[in-house]
Ligand SMILES: Nc1ncnc2c1ncn2[C@@H]1O[C@H](COP(=O)(O)OP(=O)(O)OP(=O)(O)O)[C@@H](O)[C@H]1O
């Protein structure tokens, strides 16, 4: 709706209100009790929205297609296909800068792996852990243990269900009620069969082969070798075979015993609390939970460098040596990292085991980013909502920033939101430029907000100098103001050398610009200037409760000239 005057009015004729039409006043007194308060959102909704489905531009959305990543995806699949053959896949390390599609590709491949494993009844589980959130050995192991305990319990329940069905079938059979002619009484218990034969069949392959003799959709037990009976046929003419005929059970008691032992197994699993146990106990519970069933387990550790940085390489060491001790299952690890150098901090054994295969995700170039955006925009926007130059501009901006697809998608979404907010009908180049500024400002706000207090004080000193028209600020000047600020809020005063380091860190974060200039025979000095918008940055600093105590800032700047 472009007419501001009509912002909160609405045509409510359709609602049949014949008394006072539609009021622009939404106060309770104006509307009868049973009258709906309507119109506040109606106009906003009635404007033709730019978006068809904004969700597909959000980071949480997992795309079905990943253009320009087929090489990496195929390589991963070639390595992981071993899991579907019951073998242990090599461990994989995936590297690449932020937004290059590492997580999206790894999740895509693992989804495919799990669905194919279900299709062929090959037990394979993939577990994903984000080590930025789960960043200690305890938490990683506890999370994995609990996930596998949950899976084990689900599988046990399925097995018990199918055994109970089997018991029922036996009962009906013995009562003389023959199974229905279409074979619908037939049971599928491949898992249970595999399970019951655990004691006498030692390898996974044997189990899988045997279980595949009992396909889900089979028409009847025509191969009744065990019972030596002629099988029941689909047309129901022949004598139906005994429900236990092709099962490993000889009697109802055996089935009941099996159910009891499964119930016991289920009760024996104890969830790991998120704190409090010794780590080796957590490891043992995790180990037993993984080894409960025969399967290949792929553990995906995203942001693996954060885990190593925070808590060393013990977790990786423990995970990578597990296979030599596991009896039933096999574990393979996929590590994902932005940081190419994190393996320098690893124990050489962990390093070689983890990096059996390495896959690099290069940054996207502008053309590739264009393709990615075009794929998404077809679904995300209404027809005609995008003017021609929008996608190329988003792609070009994001390509300048190390080819980050996340940034490109953010830009496109934010440009759309800005266009929507200004009630424009199409997104144009200007919206993209505004979006670029907004994202940049949001980044700055976030970085400044999370700085340690000492860095905030140093930055505040620079801001105060700039605000008072000081150009080419040097470290000594920053230090003097910084010292006064510390005294004002009772903070420890760091040495000038340390303050110089903090200035370099601010430089690296892109908040200030510090260039070394030669002053001839007076040596070299740093000239510092602010690289971010002054007012917004100052507002963020003052929103920190400690810094907001500094009330009269003017005298501090005088100090610069006094010192
Ligand atoms: N080839 C692609 N096609 C479509 N979307 C992609 C592609 N590559 C990345 N994306 C999208 O870009 C965003 C970032 O991707 P992803 O999270 O996989 O990056 P990453 O390399 O794991 O980054 P980080 O290291 O920061 O976690 C996601 O929304 C993802 O869906």
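Please read every residue number as a count from 1 along the shown chain.
Cβ atoms here come from the backbone N, Cα and C positions, even for glycine.
Segment annotation: TrEMBL labels coiled coil over residues 146-173 (candidates 62-89, 90-117, 118-145, 146-173). Within the set of binding-site residues 104, 364, 376, 104 have a CB atom less than 6 Å from some atom of ligand 1. Cβ neighbour density within 10 Å is lowest for 103 among the binding-site residues 100, 103. Each residue of the domain 'Cdc6 C-terminal' (459-541) gets a DSSP state, and the totals for helix, strand and coil are 48 helix, 15 strand, 20 coil.
When secondary structure is read from DSSP and collapsed to three states, residue 103 (ATP binding site) falls in the helix class.
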